[in-house]
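Chemist: Structure provided below as structure tokens; questions to follow.
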């Protein structure tokens, strides 16, 4: 296994810390301790909160669109998660990034030859950053090109469907996977609260939708998927309560007799 070193892989650890009000916040940190993010300042003007690793490393391939392969370890698994469900989770997580950049992700059965390798491990698993059991280190990723490793703590309670898994301590696998894929592609943490690259996530929290901050950051590295429309991607859901409220309000104004 490729050892995660700060200078070339910027190995990032998702760290769960227990809060006073019985909540668990999950933060991924570098090998050195990471302090909690403060809330972003609210002021006028556009602010880019996404960050890159030193040198802005990115994957490069001669083909266009770029194709990166990924594989799930055939042995580093967790028994209670159905393999097909895990594959579906990662297929969805990779697709979220592929939707906005000209990069495709293809699953392969050839684990050793895959660009990005995914597995579940417990304790010391050979990379110098051992996992330490439930509600502590959740996952880590070797970030940047040619070092595509995403590893999850096998002792955590992972959920592929939060509606079916009622555990208070379950973590949404797709949310953490989406975050770690961002690291593998070259994104560091963001201070934007809505970003999937924000360094905290709660138990039973689901955050898989890329924010504008995530999209801008990853597109700065890889360019724009020719089929991507920023306006359409962030078009409000017309069935949400807030959108219905504004439509009804507008109708009320238009129909009010002058």
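In case you wondered, yes, glycine gets a Cβ from its N, Cα and C as well.
What TrEMBL says about a protein is an automatic prediction, not a curated fact.
According to TrEMBL, the protein carries these features:
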type	residues	note
SIGNAL	1-29	signal peptide
DOMAIN	55-224	domain 'Peptidase metallopeptidase'
BINDING	115	Ca(2+) 2 binding site
BINDING	125, 127, 140	Zn(2+) 1 binding site
BINDING	179, 183, 189, 197	Zn(2+) 2 binding site
ACT_SITE	180	active site
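I'd like to know what surrounds each of these features in this structure.
Modeler: Averaged over the domain 'Peptidase metallopeptidase' (55-224), the predicted model has a pLDDT of 94.
Listed in sequence order, 59, 68, 69, 70, 146, 148 are the same-chain residues six or more apart from residue 115 (Ca(2+) 2 binding site) with CB atoms under 8 A from its CB. According to its DSSP assignment, residue 115 (Ca(2+) 2 binding site) is coil.
Counting every protein chain shown, the Cβ of residue 140 (Zn(2+) 1 binding site) has 28 other Cβ atoms within 10 Å.
Of all Cβ atoms in the shown protein chains, 29 besides its own fall within 10 Å of the Cβ of residue 179 (Zn(2+) 2 binding site).
Residue 180 (active site) falls within a helical segment according to DSSP. Note on residue 180 (active site): other Cβ atoms within 10 Å of its Cβ, all shown chains, come to 28.
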Chemist: What residues, ordered by sequence, lie under 8 A Cβ-to-Cβ from residue 197 (Zn(2+) 2 binding site) and sit at least six positions away in the same chain?
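Modeler: Non-local contacts for residue 197 (Zn(2+) 2 binding site): 50, 179, 182, 183, 187, 188, 189, 190, 213, 214, 217.
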Chemist: Could you give the Cα-Cα distance between residue 125 (Zn(2+) 1 binding site) and residue 180 (active site), in whole Å?
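Modeler: Here the two Cα atoms lie 18 Å apart.
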Chemist: Counting every protein chain present, what is the number of Cβ atoms, excluding its own, within 10 Å of the Cβ of residue 125 (Zn(2+) 1 binding site)?
Modeler: 17
Chemist: To the nearest whole angstrom, state the Cα distance for the pair residue 140 (Zn(2+) 1 binding site) and residue 180 (active site).
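Modeler: Cα of residue 140 (Zn(2+) 1 binding site) to Cα of residue 180 (active site) measures 7 Å after rounding.
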Chemist: Among the binding-site residues listed here, 183, 189, whose Cβ has the fewest other Cβ atoms inside 10 Å?
Modeler: 189
